[in-house]
Amino acid sequence: MDPAPLLSRSRVFQNLPLFLWALLNCALGLSAQGPGEWTPWVSWTRCSSSCGRGVSVRSRRCLRLPGEQPCWGDSHEYRLCQLPDCPPGAVPFRDLQCALYNDRPVLGTQRTYQWVPFYGAPSQCDLNCLAEGHTFYHSFGRVLDGTACSPGAHGVCVAGRCLSAGCDGLLGSGALEDRCGRCGGANDSCLFVQRVFRDAGAFAGYWNVTLIPEGARHIRVAHRSRNHLALMGGDGRYVLNGDWAVSPPGTYEAAGTHVVYTRDPGPEETLRAAGPTSADLLLQPAQTPPLTPDPCPPCPDTRGRAHRLLHYCASDFAFQARVLGRHRQAQETRYEVRIQLVYKNRTPLRAHEYVWAPGRCPCPLLAPHRDYLLAVQRLVSPDGTQDRLLLPHAGYARPWSPAEDSRIRLTALRCPV
């Protein structure tokens, strides 16, 4: 017999255990398998809203073989879509969802109610609705995706969670702009500049301290002396504290950004701006006449249900607004406001309005960058040249809160027809 075939068979039998182990290993799924693979993202859906803010979503599927691990990452992504502002007086999205249950039996009885949003419940993304004329609310499940978590808030509800958009536009991503303005950056694409100037009192009038260049971001200026900060635009015109006049604290438009000017009762002033600036700005200290304290007496107490009812029922407009700026002129104070929610209006309102208050010491005094509930009157001059929104002295102006929102909705039901 030829010995070669015997040698070949011997080698086969020697390798047989290894071959059988490999087959058994595959059959039992014991080999290490990686994750599956995602399909490409499908196109973004249409925005969930027809105006204002809404949500768009895209999805993908995980393809995996038996034994493979789930795909890494999310199957859905949500992004914020910003459309043109809704017209003044438009019914908010959450109000529409509550109104769907008007005149429908709920709570296991045949009684029906009229429903309005209730913001005092723990979960912002549940459809919590208050029965008008009653003191209870009911939860009708989750709100629809794209509903604002609360009036004036930046977050929107998605799948029952309140999410805010990152700088990449994706909801819940947590992506932030660095100090250079790059989304997700590491603060390494711009130059940090810091200047310190000490006023020895040897100068009089205006003098140049530093140039804030075009494109600057995160501007902060702190000043403590007997002088005042002056800011000049690239066109040579003063933004604030120019021409020997002291400007009131507030928000000013300059070089394509908002400059927030604050002044404490002491000698400290600050300038803040997020930027980026669209032109150069020149910073100057100025030796100006000393400020005299405001001789404003304390305002009368305007709390209570009777006061709210009186002014709400007598008003032409009632709305929630954010105060953007305050300017005193002659014997009046003018507030620039952004309308956020309208409760009552005799005529249409614009997104930005001016509210006038009589006197240089209006009561109550509204603070910039805060939200208020206001009841105002329309004042038209006899010759028709002036058409103003007037906040009466000691009128209705309350800081906005979910509880105050519920109170004013109940007040609306008690006004005589």
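Glycine residues also receive a Cβ, built from the backbone N, Cα and C atoms like all the rest.
Between C71 and the candidates C62, C81, TrEMBL records the disulphide pairing with C62.
When TrEMBL is consulted, the disulfide partner of C51, picked from C26, C81, C86, turns out to be C86. Partner cysteine of C47, as given in TrEMBL, is C81 (from among C26, C81, disulfide bond). Cα of C51 (disulfide bond) to Cα of C81 (disulfide bond): a span of 10 Å. Ranking the disulfide-bonded residues C47, C51 by other CB atoms within 10 A of the CB puts C51 at the bottom. The two recorded residues, C86 (disulfide bond) and C47 (disulfide bond), show a Cα separation of 14 Å. Less than 8 angstroms from the CB of C62 (disulfide bond) sit G36, E37, W38, T39, P70, C71, S75, each of them six or more residues away in the same chain. Neighbours of C81 (disulfide bond), defined as other CB atoms within 10 A of its CB across all chains, total 19.
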